[in-house]
């Protein structure tokens, strides 16, 4: 047996050596991907954690990344380095008592480790910014989930929105995230879908009234559509505000991304 171990050990070590690189910390400033043969639009993707009930809606983030990749964009992912409002046990839909998580650390799961603190995001280095939904947008990027129309927006999120808007660079938001633009950008036009629940198809339809109360204009759109506010260069789509098949949500996000990229002029 000793002889067998002597023979096997070096071979095992050699076999595992190529895998070791996957355990190294990736460069935080590296783009997640760059699929264009020539420089395309540089897009900042802002996450709010990992998981629909207390962070980023993962399917939305993935759909955005797929459509950005297809559009030849270079993507860099950001998230605020702050504690989550709370942690939800996604098997029960209930808060996990005595547990806390960090928004940046959780968002890194979606970014495959390639993530940067939102405090380092400078609009001058990017052509557009996109915010996926998930309750993290209403809990970690703002207090909308608790305070509704009287909500406050995270100071770094507010800064980023104002910087991109001031520079006339496009901003994309989906699902519940349009409330961020409604709060920060005066008179902006956004959509979160329909304004009536319609038998449960639009369970969060009441959000439209809160958006109006914030001084924004709500525009009714279907789940596969995106609304483009040409004046403010803000593009929104309902995504998971609608109870529907995943491919419809994917298509709506595709419409949002397409319009954002077109507005960059790249």
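Each Cβ is built from the backbone N, Cα and C atoms, and glycine gets one as well.
Values in this document were obtained by computation on a predicted structure and should not be read as measured data.
Residue with Swiss-Prot feature N6-succinyllysine, selected from 152, 168, 231: 231. Checking 114, 139, 162 against Swiss-Prot, you find N6-acetyllysine recorded for 162. When 201, 233 are looked up in Swiss-Prot, the one carrying the note N6-acetyllysine is 201; the rest have no such note there, which does not rule it out for them. Looking up 155, 186 in Swiss-Prot shows the N6-acetyllysine annotation sitting on 155. When the neighbouring Cβ atoms lying within 10 Å are counted for each of the modified residues (162, 201, 217, 221), the highest count belongs to 221. Most Cβ neighbours within 10 Å, among the modified residues 149, 155, 231: 149 holds that distinction in the structure as shown. Note: the Cα of residue 217 (N6-acetyllysine) and the Cα of residue 231 (N6-acetyllysine) are spaced 13 Å from each other. Looking only at Cα atoms, residue 231 (N6-acetyllysine) sits nearest to 221 among the modified residues 149, 155, 221.
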